[in-house]
Every structure is written in C-alpha cells, then in structure tokens.
Amino acid sequence: MPNTAMKKKVLLMGKSRSGKTSMRSIIFANYIACDTRRLGATINVEHSHVRFLGNLVLNLWDCGGQDTFMENYFTSQRDNIFRNVEVLIYVFDVESRELEKDMHYYQSCLEAILQNAPDAKIFCLVHKMDLVQEDQRDLIFKEREEDLRRLSRPLECACFRTSIWDETLYKAWSSIVYQLIPNVQQLEMNLGNFARIIEADEVLLFERATFLVISDYQCKEQRDVHRFETISNIIQQFKLSCSKLAASFQSMEVRNSNFAAFIDIFTSNTYVMVVMSDPSIPSAATLINIRNARKHFEKLERVDGPKRSLLMR
Amino acid sequence: MANMDSDSRHLLIPEGDHEINPGPMNIQFDSSDIRSKRPFYIEPTNIVSVNDVIQRVSDHASAMNKRIHYYSRLTAPADRALIAPDHVVPAPEECYVYSPLGSAYKLQCYTEGYGKNTSLVTIFMIWNTMLGTSILSIPWGIKQAGFTTGMCVIMLMGLLTLYCCYRVVKSRSMISSVDTTTWEYPDVCRYYFGSFGQWSSLLFSLVSLIGAMIVYWVLMSNFLFNTGKFIFNFIHHINDTDSIPSTNDSNPVICPSARSGGHPDNSSVIFYASNSELQQFEKWWNKSKTVPFYLIGLLLPLLNFKSPSFFSKFNILGTVSVLYLIFLVTWKAIRLGFHLEFHWFMPTEFFVPEIRFQFPQLTGVLTLAFFIHNCIITLLKNNKNQENNVRDLSIAYMLVTLTYLYIGVLVFASFPSPPLSKDCIEQNFLDNFPSSDILSFIARIFLLFQMMTVYPLLGYLARVQLLGHVFGDVYPSIFHVLIFNLFIVGAGVIMACFYPNIGGIIRYSGAACGLAFVFIYPSLIYIISLHQEDRLTWPKLIFHVFIIILGLANLIVQFFM
C-alpha cells in the first residue's frame with residue numbers, strides 16, 4: 001500500500017566540525033568524500049539518500065555559522081528545514097569552548113521544532129567524549145544532561161554521550177532507533193517466541209540500512225558485550241566491498257564445529273541474525289524456519305496498519 | 001546492555017601455553033606514517049582446541065580492532081578524519097602482532113617517534129648540517145661589525161633564527177584538518193598561501209641552493225689554486241716571498257688585499273725575469289683566470305648523475321673538516337697569541353672600532369650560517385623522543401653559535417695586529433695564510449674534497465626542485481639537465497672570475513632566502529593560524545610583524561653596504 005504521506009525527516013544538526021559527517025559515514029557506511037572535509041560551514045542542507053527505517057530520510061545541517069549570512073539564511077529557511085521532521089538529533093561537541101553559543105543555537109532549533117513539528121522526538125548527543133579524561137566523563141555528561149533537559153522544556157529530550165572510538169556511538173543510535181519503532185515490545189515478544197521455537201542461542205533483529213540492533217533475544221548469557229557493534233562493523237565492511245562490485249548483500253551463513261550463524265533479510269526494513277549452537281541441525285531446517293517466521297513478522301508490521309508505522313514502506 | 005567498565009583494560013590476557021617465541025620476524029614497516037597502519041592484529045583462528053575458552057585477546061581489543069578496520073574503509077588513506085587518535089589506541093609497547101597460529105609477539109623496533117635516533121644523534125645531525133662554508137666568513141663578518149658588536153650580533157641572530165626555527169617546527173601542529181605527517185615546510189607554505197606559496201618557497205629555496213653552489217665554486221677554485229701553488233713551490237723549492245705584507249715569523253699571516261690597497265709597499269719586489277718556468281706556471285695557473293675553468297672538466301660530469309647517493313657517503317668529510325678547522329684555529333691562536341685593543345668608535349691604523357655601522361654585513365652572513373629551516377622538520381622527524389624536539393633544537397643551535405663564536409673570536413683575536421691591520425682579515429680566513437703554510441694546506445685539501453662531494457648533492461637538490469616543479473619530471477632528458485647544469489656552472493665560473501668575494505655572495509643570498517624562510521613565512525603563518533583560531537593578541541601580532549620588518553631590513557640594507 002503506497003504511503004501517501006510525505007517523506008519524514010531525521011534531522012542531524014549541530015555546529016560545524018562537531019562530527020556529524022563522520023557519524024553519518026560510520027552509521028550508514030557512506031564513504032566520506034575528501035572534499036567534505038571543508039573548513040567552512042554547510043550552506044545547504046545535505047540530503048542523504050539513505051532510507052532509514054522505511055520512509056525516513058537523513059538530513060545533515062550545520063548549525064551556528066560564524067557570520068550573519070548564516071543566521072539570516074537559517075531564519076529564512078527555517079520552516080523549510082523543520083517541516084515534516086520526525087526526529088531531531090542534535091550533536092554537541094564536548095570540547096566546544098562556546099557553550100553559550102551552542103545552547104543558543106540549540107534553543108533556536110527547538111523553537112523551530114515547536115512551531116513546525118511539535119511531535120518530533122528529540123535526541124541530544126554529547127559527542128567526542130573520548131577527548132575527556134575517563135574519570136571525568138560521567139560527571140561532565142551529567143552536567144550537560146541536566147542543562148539540556150532544563151533548556152528543552154516543554155519538549156522532552158533524551159541525552160546520550162557518544163564517541164566514535166568506543167561502543168557508545170553504536171549504543172546511542174541503537175537506542176534512538178529502538179525508540180522510533182512503535183511496536184517494539186510486541187516485536188521483542190515475538191522474537192523471543194521465535195528463538196525458543198527454533199532452539200536458537202540468540203536471535204538479533206537489525207535495521208536494514210544501518211545494521212543497528214533493534215531487538216535481541218538471548219537464550220544463553222553471551223560473553224562478548226561488544227558483539228553487536230562488531231557484527232555491525234563486519235557486515236558494513238562487507239557491504240562496502242560488495243558495493244564495489246555493484247552487488248548487494250543479501251545473506252550470509254557462518255559455520256564451524258561450534259556454531260552456525262545465519263544472517264538474512266527479514267522484513268522490508270530489517271535483517272535477522274540467528275545463532276545456533278547445535279551444529280547438528282542442518283542449515284536447511286533453520287532457513288525454512290526463518291522463511292516462515294518472515295511471513296509472520298511481515299503480517300505483524302502490516303497489522304499495525306497505515307497509522308504511523310515506521311516500518312512501512 | 002552490560003556494564004562496559006568491567007572490561008579489563010589489558011589488551012592481552014596472557015595464556016599459559018604460548019608457543020616458544022621464535023623472535024620477531026623481519027617485518028619492515030614503512031616509517032612514513034605508522035599511525036595509519038595501527039593496530040596490527042590478525043584474528044586467531046580456533047584451529048587448536050574446541051571447547052576451552054582460550055581467551056587470546058580481550059573483547060575490548062577485538063572490538064576496537066574491528067572498529068578501526070571498518071573506519072579505515074570509509075575514507076581515503078590520506079584523510080585523517082577517521083584515523084585512530086593516540087589516546088584511543090594502546091601505547092606501542094602494548095601492541096602485539098599475532099600470527100594465525102596464535103602466538104603473539106611484540107615488535108622490537110616499534111617506537112613512538114617515527115625514528116630511532118637518540119637525542120644526541122639528532123643534535124649532532126642538526127649541528128653538522130648547519131655548519132657550512134659560511135664558517136670561513138665569520139671572522140670577516142666580526143671584523144666588519146666590530147668585535148663587541150660582532151659577538152652580540154652572533155648571539156642575537158642565533159636566538160632569533162632559533163625562534164623562527166621553532167615556529168617552523170610547530171607550524172604543522174596548527175593544522176588540524178589534514179594529515180601533515182609527510183609534509184615538509186614548503187608544503188605548509190602551500191597550504192597557507194596556495195600555489196603562490198609553493199612557487200615562492202621553491203624560488204627562495206633555489207636562491208639559497210644556487211648561492212651555495214656559487215660560493216662552493218669560488219672556494220673550490222681558491223683551494224685548488226692554492227693547493228696547486230703549494231705543490232709547485234714544494235717541488236721546485238721556491239720560497240714564496242711575494243710582495244705581500246706578511247708577518248716575518250714561523251707562523252706567517254698575510255694580507256693579500258693590501259697589494260691593491262693603499263698600504264705602502266715596503267718589501268722589495270722580486271723579479272723572476274729569468275725563471276720562465278714559474279712565469280708559465282703563473283700564466284696557466286691563475287686563481288681567477290684559469291683555475292675556475294679547470295674545475296668544469298672535473299665537476300660538470302658529476303652533476304649529470306641521476307642519483308648522487310654515492311656522494312652522500314662522504315658526509316663525514318664535512319664533520320672532519322669542521323673539527324680540523326677548529327684545531328687549526330686553536331693552534332694558530334696559541335702560536336700567534338692574542339692581539340686585542342678596544343677602540344669604541346674610531347678606527348686606528350691597526351684596529352677596527354668596536355661598533356661599526358657595517359654590522360648588517362654580518363647579519364647577512366649569519367642568516368645563511370644559521371639556516372636550516374627548509375629541512376628541520378625532516379631532521380627532527382627521526383628523533384626518538386619527539387617531545388624533546390624543541391630542547392634538542394635549542395641545544396643544537398647553542399652548539400652552532402658556540403662554534404661560530406669560537407672560530408670567529410679566535411681568528412679575530414689572534415690576527416697579528418701590530419704588523420698588519422685587522423682590516424686585512426679576508427672574507428675567507430684561510431686566505432690569510434700563505435699557500436706555503438702546511439696546516440692550512442691540509443685544511444684546504446680537506447675542504448676541497450668535501451666540497452667536491454657536496455657540490456653534486458646540492459646540484460641534485462636544485463635540479464630536483466626546479467625541474468621537478470617546472471617539468472613534472474625530475475630527469476626530463478639529458479639535454480634539460482645539461483642546460484641546467486651549464487647554467488649553474490657558468491654562474492659559478494663567472495663569479496669566480498669577476499667577483500670572488502664569498503662574503504658578499506653569502507650575505508646577499510643569505511639575506512634573500514632567509515627573508516622568506518627565516519623571517520616572513522614562519523611569522524606570517526603563525527599570525528594567520530592564530531587568527532584562524534581567534535587566539536591572536538596584539539603583543540604577538542606586533543612582535544611577529546617586527547620580525548618580518550627585521551627580515552626585510554636585513555635584505556634591503558645589504559644593498560647599501
């Protein structure tokens with residue numbers, strides 16, 4: 001059923017050089033072209049043509065240029081930028097020396113959101129935390145979080161601390177994606193049932209474009225806490241290699257004497273990963289199970305109907 | 001999700017059954033940018049045992065490794081944006097290389113600095129590179145400036161050029177957006193000033209190189225002439241008592257320029273009317289008319305070589321020459337004793353005033369004497385402890401200043417002033433010793449050999465820079481190279497014939513190329529980078545503009561002296 005609503009936006013905003021381009025590149029496995037390492041601010045909104053959770057389009061926008069030209073342009077284009085925004089992700093550089101200015105720009109964005117898209121979800125990322133000494137990170141983040149919560153009233157914002165050099169970036173975006181899925185608890189319940197039925201050790205549900213983990217069910221306690229991000233990085237790398245050959249990644253089976261893992265397309269916007277520790281179960285059996293489950297989950301998505309299901313095409 | 005902080009921070013959880021370490025293999029690492037290749041890690045495969053959980057590498061390390069692999073696929077290799085910064089990757093001592101069979105070993109040669117030179121070696125290399133032929137002109141420079149002024153000027157110029165050199169070394173660290181690890185100073189100039197910066201730095205670099213090569217030609221003709229004369233006189237047992245005023249003792253010092261000067265000629269002119277052999281010799285072996293041309297046959301073929309790496313093996317000759325000069329000067333000073341009188345403003349018959357207005361001639365010479373700015377970054381790159389760079393640079397500069405002061409002061413002070421005037425000190429102080437003097441003969445031979453080996457290297461550098469930038473190819477064809485070499489050699493020959501004053505050549509070319517690399521570029525780039533970061537304050541601006549004005553004044557005033 002075609003979606004007659006306009007494309008919804010995910011707005012990734014922040015001061016220039018706060019790390020948005022790197023973030024987008026890492027999460028969406030885009031190449032950073034060399035010329036985007038510009039020294040000046042973005043004049044136009046950068047549209048990324050990645051479909052994200054179905055019908056969401058990611059827009060990048062530099063906030064807070066140094067001159068009045070940027071300010072004027074921002075105010076005149078405001079309605080255009082903030083219309084149809086589903087999600088606002090605002091990136092703060094923890095090393096920034098102009099806290100007042102940062103907060104000022106953040107507040108102007110919030111005003112625009114209030115006017116144009118008051119239902120949008122707001123997430124604040126305090127980025128580049130690796131540059132802060134380890135023992136001070138919690139403290140600094142708590143301070144910032146309080147300030148941001150206070151400034152955002154009456155809107156509500158969720159804050160995360162991130163750095164591209166540890167797992168916090170992945171976790172933050174996973175949490176964001178998790179909150180954007182309307183029927184996620186139901187999904188998790190069904191995923192758990194599915195896992196128990198097929199006797200899998202672990203079943204993961206990934207978002208298709210970014211391989212962020214939406215949901216995860218484990219029968220046994222897994223040892224490696226970094227495994228989600230690692231799997232995502234491995235597959236994103238593999239996707240990059242495939243794209244060089246103009247091929248697209250579809251599915252993967254990894255097997256040895258200890259386990260068998262299957263990664264496959266699931267619904268129109270998700271991938272599933274099934275880990276079986278009983279190697280005696282033939283692959284064909286698991287693949288059939290996955291195929292049958294697919295039909296069920298797709299029905300689950302459609303059952304939620306045309307009203308604001310983000311997983312709809 | 002589980003608490004990450006419970007992760008062990010150690011990268012390698014040691015296991016009991018390591019294989020006997022066979023020792024590090026001979027892995028060569030390209031030292032140009034080690035950072036972009038870290039960490040070295042091959043995942044261990046579970047070939048060995050099935051059920052025990054042999055933890056080879058901690059999860060944290062494995063995750064970081066995968067992250068870095070992934071990020072490296074997202075950008076071009078030259079883009080520094082997604083290269084792991086130092087505080088994120090473990091220290092080099094904690095990095096292991098894994099073989100697929102599971103054993104792990106540390107690399108012995110993997111040190112944090114890009115190089116393995118200790119501070120001592122780095123300091124020595126800087127000292128060695130900076131001490132050049134301008135050492136021969138320092139006594140003359142002191143004479144031109146006056147003794148006290150000369151000493152003060154040497155120390156002040158040393159400090160000033162040291163500060164500018166410090167600015168050069170720090171210039172790359174102000175550029176945060178691009179990877180500058182392989183950059184030399186002309187690249188920094190190009191970054192700030194575009195292609196104007198590139199071409200102007202090329203031009204000034206060429207000025208210094210060609211100036212040096214002309215000086216070398218003049219000196220080589222000089223030394224070759226004196227050597228030939230010594231050998232001829234030695235063979236034919238001629239006592240060389242020319243009509244030049246000199247001291248009459250076992251350590252003769254001569255005053256060659258007085259022959260054409262206004263000094264009354266008291267000694268008798270000896271005619272060798274009947275000695276046609278000597279006349280022939282003097283006709284065919286003349287310092288400014290014939291010897292420069294003989295050198296062409298010797299050196300022009302050497303210039304045409306594609307790669308002069310053979311000549312760089314003779315680098316040690318430079319150090320030996322300097323050390324020998326120090327010994328020579330000390331010996332002569334001991335023999336001649338000190339002759340110093342302090343007259344502050346008025347020149348006397350034998351002495352020069354302490355303060356003279358020709359001191360800019362000394363600053364011009366010193367600009368070239370303290371010049372190392374176009375290659376200091378490369379020299380310091382190989383320092384093992386990079387944080388000591390500034391300290392080592394300062395120590396090297398101090399040693400160079402001391403060397404110059406030592407030689408300059410000793411030669412000046414020991415110049416026998418009662419019979420001769422201090423004004424006689426030549427632009428090449430070896431000229432003040434007659435060609436029959438054995439010690440200076442040895443010095444000339446050393447220097448002659450050393451210059452003959454450095455000359456092709458200088459020619460190679462100039463050729464690479466000019467032809468490389470103009471034609472894109474370092475060796476376009478033998479004709480291009482030959483024409484270029486003829487031009488350089490021609491310039492050298494012309495100067496040797498008509499203007500063999502190395503002090504003059506050094507001060508003009510020194511002030512010209514020093515203007516760009518020592519005074520203007522470092523200060524201007526610092527001002528611009530501060531301005532970009534909004535950290536520019538009035539004192540800093542004024543101070544650095546003052547340095548630029550000093551550089552300009554230095555050059556302009558050379559033409560009025």
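Just so you know, glycine gets a Cβ as well, placed from its N, Cα and C.
If you look up TrEMBL, you'll see B:119-237 (among others) marked as domain 'Amino acid transporter transmembrane'.
Marked as transmembrane segment by TrEMBL: B:120-140 (among others).
Per TrEMBL, transmembrane segment is recorded for B:146-166 (among others). Note on the transmembrane segment (B:146-166): residues 138, 340, 342, 352-356, 359, 362-363, 366-367, 370-373, 376, 390, 393-394, 397-398, 400-401, 404-405, 408-409, 412, 518-519, 522-523, 547, 550 of its chain, located 6 or more positions outside it, place their CB under 8 angstroms from a CB of the stretch.
Only residues 6 or more beyond the boundaries of the transmembrane segment (B:199-219), in the same chain, are considered here, and those with a CB under 8 A from a CB of the stretch are 132-133, 136, 185-186, 189-190, 193, 292, 295, 368, 371, 374, 428, 447, 451, 454-455, 458-459, 461-462, 465-466, 469, 488-489, 491-493, 495-496, 500, 502, 505-506, 508-510, 512-513, 515-517, 521. Per TrEMBL, transmembrane segment is recorded for B:199-219 (among others).
Annotation comment: TrEMBL describes B:291-307 (among others) as transmembrane segment. Sequence-distant contacts of the transmembrane segment (B:291-307) (same chain, six or more residues past either end, CB-CB distance under 8 Å): 217, 220-221, 224-225, 228, 285, 452, 455-456, 459-460, 475, 478, 481-482, 485-486, 488-489, 492-493, 496-497.
Positions annotated as domain 'Amino acid transporter transmembrane' by TrEMBL: B:298-557 (among others).
The annotation transmembrane segment is assigned in TrEMBL to B:314-338 (among others).
Beyond the transmembrane segment (B:358-380), the same-chain residues lying 6 or more positions past its ends with a Cβ under 8 Å from any Cβ of the stretch are 122, 125-126, 129-130, 132, 134-135, 137-138, 140-142, 144-146, 149-150, 153-154, 157-158, 161-162, 164-165, 168-169, 172, 183-186, 201, 205, 208, 211-212, 386, 389, 392-393, 397, 400, 404, 503, 506-511, 513-514, 517-518, 522, 554, 557-558, 561. Annotation comment: TrEMBL describes B:358-380 (among others) as transmembrane segment.
What TrEMBL records for B:392-413 (among others) is transmembrane segment.
Sequence-distant neighbours of the transmembrane segment (B:438-458) (same chain, 6+ residues past either end, Cβ-Cβ under 8 Å): 133, 209, 212-213, 216-217, 219-220, 223-224, 226-227, 230, 298-299, 302-303, 305, 308, 311-312, 314, 317-318, 320-321, 324-325, 328, 331-332, 430. Sequence annotations record features per position, and here TrEMBL assigns transmembrane segment to B:438-458 (among others).
Sequence annotations record features per position, and here TrEMBL assigns transmembrane segment to B:478-502 (among others).
Counting same-chain residues at least six beyond the ends of the transmembrane segment (B:508-529), those with a Cβ under 8 angstroms from any Cβ of the stretch are 134, 161, 164-165, 167-168, 170-171, 174-175, 185, 188-189, 192, 197, 200-201, 204-205, 207-208, 210-212, 214-215, 363-371, 373-374, 536, 540-541, 544-545, 547-548, 550-552, 554-555, 558. Among the features that TrEMBL reports, transmembrane segment is placed at B:508-529 (among others).
Beyond the ends of the transmembrane segment (B:541-560), by six or more residues, the same chain brings 160, 163-164, 360-361, 363-364, 367, 507-508, 511-512, 514-515, 518-520, 523-524, 526-527 to within a C-beta distance below 8 angstroms of the stretch. What TrEMBL records for B:541-560 (among others) is transmembrane segment.
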Quick one: DSSP breakdown of the domain 'Amino acid transporter transmembrane' (B:119-237) into helix, strand and coil?
-> 105 helix, 0 strand, 14 coil
